[in-house]
Ligand SMILES: Cc1cc2nc3c(=O)[nH]c(=O)nc-3n(C[C@H](O)[C@H](O)[C@H](O)COP(=O)(O)OP(=O)(O)OC[C@H]3O[C@@H](n4cnc5c(N)ncnc54)[C@H](O)[C@@H]3O)c2cc1C
């Protein structure tokens, strides 16, 4: 007979979103169990590689700005509770042609929400940010309210605080099946069953596997490979250590990004999106599917060369990365998140499909999921991430 555990809320998956949810529940006195198939802070999901960009003038859509602001407040609470610096406030610089999404999207978000940004010319960029080899006509949008979140450190801090506040944490334990039930959903872990009032599912790239009924959401959730590369600074490098985090929209539509040197030796870069419709080139990462159980293919020479091509837009770095890491993006069809109750999965609260831009929000996602599990609703602005939004859409309209 299976062992039976009882609790108020189970959080399945203690990565970026689950760790913060467990901490928020535990500090509110909720009896909660967190379950993680590996060890928190591991490098087999979507939350490793030492840094993630946080920025406020959100080029993916001005409607995200209130949520980023909630995330900044929630990051400050986690930093205060843990006594750790988990966000490096470097500022953020978006670069591209005047009509690029990086420039126009950031300016639109700033204008709509009255954010303080500076719109920089090519000459301004050359003078203030000499680490970027800018093209004639390229512009920049700089905002002070940007920086780098430290992903592994934040997960470990949230899990430690959750434990200290009374949460039970099961590591190296995979949930094999969840039986939805409005009354007391059941979570199966091998021979053990946990019954809870609510189950929060934050399993990142494993969402389509663990809850196959969600795999087709909005036309399908896809898991894709991405590679990060750390480039060593040269001896005559401009001041990379003090620079802002950045994203750069290339003329062909490639969007890549990077961080100032957090370790004093290297600069890290990655590709967010390859040029739409471009022929597949060696090292291109856009669209390469991944089975999360097998993990993404290890970085290879083609990845190194592709990252090196982009790093040529930076002054003072070696031409090829000294190390690389592969990671998974979990993409929705509209590249917006999925957060909320699902009408076909009673008792479950689900968050996933963070489409390569979710980490910065993890602090606020944790608060929202804790509210949804506890009260059934939240004041945080997550209705735009409703899992049922696709059902309401008129064909041919966004
Ligand atoms: C290379 C890269 C760069 C990125 N850059 C940025 C950035 O600059 N800014 C930004 O905001 N976002 C960025 N992102 C996106 C961001 O990191 C992700 O959106 C975020 O980490 C997703 O968090 P998650 O909690 O959904 O997934 P994860 O952090 O992967 O957590 C899921 C957890 O669930 C566990 N799990 C899975 N299945 C089970 C199971 N059956 N039982 C128990 N546990 C299970 C996994 O082991 C894992 O720990 C980037 C992502 C990548 C890959």
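Indices start at 1 and increase along the chain as displayed.
Glycine is treated like the rest: Cβ placed from N, Cα and C.
Feature annotation from TrEMBL assigns domain 'FAD dependent oxidoreductase' to 8-372. TrEMBL lists 275-301 with the feature region 'Disordered'. What TrEMBL lists as compositional bias 'Low complexity' is 275-284.
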Which residues, given as numbers and ranges, are at least 6 beyond the ends of the compositional bias 'Low complexity' (275-284) yet have a Cβ under 8 Å from it?
227, 250, 252-254, 302-307
Average pLDDT across the domain 'FAD dependent oxidoreductase' (8-372)?
96
Quick check on the compositional bias 'Low complexity' (275-284): DSSP residue counts for helix, strand, coil, in that order please.
0 helix, 0 strand, 10 coil
